[in-house]
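Quick look at what TrEMBL lists:
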- 113-141: transmembrane segment (TRANSMEM)
- 153-173: transmembrane segment (TRANSMEM)
- 179-197: transmembrane segment (TRANSMEM)
- 228-246: transmembrane segment (TRANSMEM)
- 267-293: transmembrane segment (TRANSMEM)
- 337-358: transmembrane segment (TRANSMEM)
- 370-388: transmembrane segment (TRANSMEM)
- 408-427: transmembrane segment (TRANSMEM)
- 434-456: transmembrane segment (TRANSMEM)
- 468-495: transmembrane segment (TRANSMEM)
- 517-597: domain 'STAS' (DOMAIN)
Amino acid sequence: LVSKLHGLNAAASRLPAPALSEGHISRDMSHPVILGDPPKGDLKTRLSAGVSNCCSFGCLRRKLPVVRWLQNYNVSCLVGDMIAGVTVGLTAIPQGIAYGDVAGLPVQYGLYTAFLGCFLYAIFGSVRQFTIGPTVIMALLVHDYADKGGPPYVALICFLTGLLQLTLGILNLGVLADLISLPVSSGFVTAAFIIIATSQLKNLLGVTVAGGNVFQIWLNLAKSVFDINIWDAIMGLVSIVVLLVLKQGERFDRKKRNPERRSCSNILYKLLWIVAISRNVIIVLISSAVTIVTKEQHLFSVTGSVEAGLPLFQAPQFQISTSNTTMDFVHVLQDSGMSIIVATLVSVLSVISIGKAFCKQEPLDTSQEILTLGIINTVSSFVGAFPASTSFGRSALNSASGVKTPISGLWTGTLVILTLQFFTPYCHYIPKSALAAIIITAVYSLHEFSMLVLIVRARKLDAVSWMVTFLSCLVLGVNLGILLGVAASIIVLLWDNSKLKIRVETIHIDSCPCYSFQFDRNIYFPSVDYTVGLLSEYLNDHTDLSVIIFDWCQVTQTDFSTAKAMLNYVSSLQEKERSVRFRNMSPEVKRTFQKIGHASESSLWEQDTLENSYKHIADP
């Protein structure tokens, strides 16, 4: 019966759709809905509605999503969250140690960044797959400030970043991340991959090199090739190979639940998947064991002493002591303001992009996620953390592990706390080359050179933004690089929008010619001079044109500068005894012109059809 029903459904899907004529179509235009229209009513009504909305239970569920999760929480959710939380924790611990080194801080600060956000996101987070903690990009952004002012400086940057994120979340200004176009973000993360991988080469090979940018580091590394510690190099390269091989085991996640296989095969696939997702911990444990066994020979460069126990909960310092001087709060803002803005924009962009990957069935509450990120960074700064963000790798692992709610973060945070409290003395023996291998393999997936190829194929002009961002980040640093990339993308956008096209048509009405000029897009101030120049050049070459109609059917919006310039140009045409009319103006465009134009110019837009426009010209 089921197969017959499927056959009937398939046959029905192949039937041609009935043809619709105008008689079958009816439109209800009595109450049209305008998407994006601002709310109606006076200020008092809107304020009253806003206050009522803020005081509702629905608002509580939105701002404290844990209330929503707990309403339907059961044993199945508890087991799923526990498995996912522990799995993510086993990845977050070695990554936290490694990213602490990337940030230029003692490695325990990576763990400080990893634990508090887990607990706070369980309360305020709205996406069950998300994990908040240390990321390699954020570690890179604060590295220079760690060298300059140490952990207190980084903690203050974390605090200020959190405050800025809180402001954006409260004011619903997450849209500012739209300033970072896809070519800019792609060029940025690709440059970050090269910068981070280059910075870890010294640990991977056991040499001491320095440099202001990647090119200087490569040059100094080439000069130090004979100083390479062969044992560190072997440990690092073997670790990279093992990590890449084990990473391939992640694909067994799709096979382990195959009902057509025998149970022993499913168990084997599950074990292989567990080994794959625990590869960082495995490398840390095995390499540490090798170091302990050979510690008398001092073959490997090790992490060194790691401070045990939980950090003190204290407010960040607002005066930072550097090697040369002491900076007050104003000078700190002047020195680090650029990094705070970039870190905020990058973290917001990360939330949006990762959220789109996981929130396919329901909309992402961007403002709530940014607000949560602000709370996490503001509070985490009290334990000396550097700015945290959403991790795509750990979020994907969280999802693959069967997470049910953000409460899984409680298990992850607890595991990190236990590590800080009881196991940090053993971190002394972790080889730096093994941590470098973990970092390099983690950032390898960041590069998007294939995206550049795709951009060039689709639209070569957008490749300019990619290249400017990429090269600026490599040469000038990530903070200035991403800002130059944003500036380049804005310039490209303005340049592209300024080069509009005008379609000229000769239309005969009652055997008399008139000429219609139709703009192909919206006109704004960057393109108005170019537009007037095109019109002037054409009309100066065709002095016989006496009847001119500007068709605005493709223009839905404009600005004051455009309207003023067009009215001035129309006046100059009328002084030459040329008749001009506007048609097909949208209400918004017409309103802008009417507010600027004089009453004597109202005839410009009163006629909509060509016939009416021509008749008004011919018989005013």
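Numbers run from 1 along the shown chain.
A Cβ is built for glycine as well, from the same backbone N, Cα and C atoms used for every other residue.
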The transmembrane segment (179-197) vs the transmembrane segment (267-293): 3 or more CB pairs under 8 Å: no
Recorded stretch that, among 113-141, 337-358, 370-388, has the most CB pairs under 8 Å to the transmembrane segment (434-456): 113-141
Model confidence over the domain 'STAS' (517-597), averaged pLDDT: 87
- prompt: Counting Cβ pairs under 8 Å that are 6 or more apart in sequence, does the total for the transmembrane segment (113-141) and the transmembrane segment (337-358) reach three or more?
  reply: yes
- prompt: In the same chain, which residue numbers or ranges, 6 or more beyond the ends of the transmembrane segment (228-246), come under 8 angstroms Cβ to Cβ?
  reply: 203-207, 275-276, 279-280, 282-283, 287, 290, 299-301, 431-434, 436-438, 440-441
Field: the domain 'STAS' (517-597), counted residue by residue under DSSP: helix, strand, coil
entry: 43 helix, 13 strand, 25 coil
- request: Verify whether three or more Cβ pairs under 8 angstroms connect the transmembrane segment (337-358) with the transmembrane segment (153-173), leaving out any pair fewer than 6 apart in sequence.
  value: yes
